[in-house]
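Below: the structure, in structure tokens.
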Amino acid sequence: MIKLAITTGEPAGIGPELSAQLPFEQLFHQYPDLHLTLIGDQAWLEQQAKVPLTTFEQRLSIHHVPLTEAATHGQLNTKNAQYVLDTLTHAAKGCMNDVYQGMVTAPVQKSVINDAGIPFSGHTEFLEELTGAKKVVMMLATQGLKVALVTTHLPLRDVADSITPSLLTEIIHVTHQDLQGYFGIENPHIYVCGLNPHAGEGGHLGMEEIEIIEPTLHQLRSEGIQLTGPLPADTLFTDKYLKHADAVLAMYHDQGLPVLKYKGFGNAANITLGLPIIRTSVDHGTALDLAGKGIADQGSLLTAIDYGYKMAAARAKRQRA
Ligand SMILES: NC(=O)c1ccc[n+]([C@@H]2O[C@H](COP(=O)([O-])OP(=O)(O)OC[C@H]3O[C@@H](n4cnc5c(N)ncnc54)[C@H](O)[C@@H]3O)[C@@H](O)[C@H]2O)c1
Ligand SMILES: N[C@H](C(=O)O)[C@H](O)COP(=O)(O)O
């Protein structure tokens, strides 16, 4: 059995309804050994389900984490911030203890957690700390494109200073290793974006390519890692390069993710590489404007479940070998 935990996310957003309204019958048919546990407030989830969740009791459980205050669609409440983190902690610890073979996260509202006085950048950073991982990488994947990021939830002002040879080396090592381990790519070819326009224009538009990125890639190539770049990011995302790329490494969030989401929004998943556990997520946020209306698209949650299931199956196969 592959047991996946689904954290149902910000209670005022679309996460609870997307999770409770999953096409369970179809999913359990498609993945005959899949078991799902929805993690969140039981009454809030049952209220949003279309069929009684007990219908699938052999394959579907709810792990009840009580809301602090009743939730209302579209209305954030700082009192429920800790609830959201409790669902994540339960799932992550369950994965570390092999109760679950992976966790799939519905969206959380980062701002309300911070407004509650709890510093929180995102699941990626939260899980890195909770699991004690040395370095994690945010990678979003859709059919035909995987984009990994060197920096994640960082103000643009701080990005350039944070790109160092050691960070770049760690990020590339983790990406390379997990593309091999979870995606069965024997010798991944990673295409790397420059940081500056035109990859620095020979030093006239920034020195990071010459001083940091090129020497680091040169060093890593000597270890046998296939790397192309740094290439100008505006033309890297074209077929000429993408047809040879197993993944693209972007230097910052909005260099890589708009391209990925333009190609695959609704059919993409966010995957945290480098964790000791498997974690996949949706490609969208809490969409407070849609919450409770029953019109939010389920595609990305299904994609995240698919990646989570396949990664867990790949790891189980590796462990048996
Ligand atoms: N995995 C996550 O936890 C995650 C991912 C992205 C954003 N967020 C958080 O979500 C909050 C809101 O972020 P945002 O407004 O930038 O992005 P958003 O994805 O919530 O909304 C952007 C636009 O996409 C639409 N949209 C989103 N999901 C949709 C779906 N399933 N079906 C149809 N339309 C959908 C929304 O209606 C909106 O127009 C922020 O706090 C952000 O940090 C969380
Ligand atoms: N950067 C993600 C995106 O834009 O889709 C999103 O904020 C989620 O990040 P976490 O998985 O770290 O919460």
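Residue numbers in this text run from 1 along the chain shown.
Glycine residues also receive a Cβ, built from the backbone N, Cα and C atoms like all the rest.
According to TrEMBL, the feature substrate binding site maps to HIS123, THR124, LYS261, ASN270, ARG279. Residues or ranges marked as divalent metal cation binding site by TrEMBL: HIS153, HIS198, HIS253.
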- Task: Give me the Cα-Cα distance between HIS198 (divalent metal cation binding site) and LYS261 (substrate binding site), rounded to a whole Å.
- Result: 22
- Cα separation, THR124 (substrate binding site) to HIS153 (divalent metal cation binding site) (Å, whole number): 9
- Note on the structure: Densest Cβ environment (other Cβ within 10 Å) across the binding-site residues HIS123, HIS253, LYS261 belongs to HIS123
- For ligand 1, the binding-site residues of THR124, HIS253, LYS261, ARG279 whose CB is under 6 Å from one of its atoms are none
- Message: If I restrict to non-local contacts, at least six residues apart, and a C-beta distance under 8 angstroms, what lies near ARG279 (substrate binding site) in its own chain?
- Response: ALA92, CYS95, GLY102, MET103, VAL104, THR105, HIS123, LEU127, ILE271, THR272, GLY308
- Note on the structure: Here the 10 Å Cβ neighbour count for THR124 (substrate binding site) comes out at 23
- Task: Count, for each of the binding-site residues HIS153, ASN270, the other C-beta atoms lying within 10 angstroms of its own C-beta, and report the residue with the smallest count.
- Result: HIS153
- In three-state DSSP terms, ARG279 (substrate binding site) is classed as strand
- Message: Tell me the Cα distance separating HIS253 (divalent metal cation binding site) from THR124 (substrate binding site), rounded to the nearest angstrom.
- Response: 13
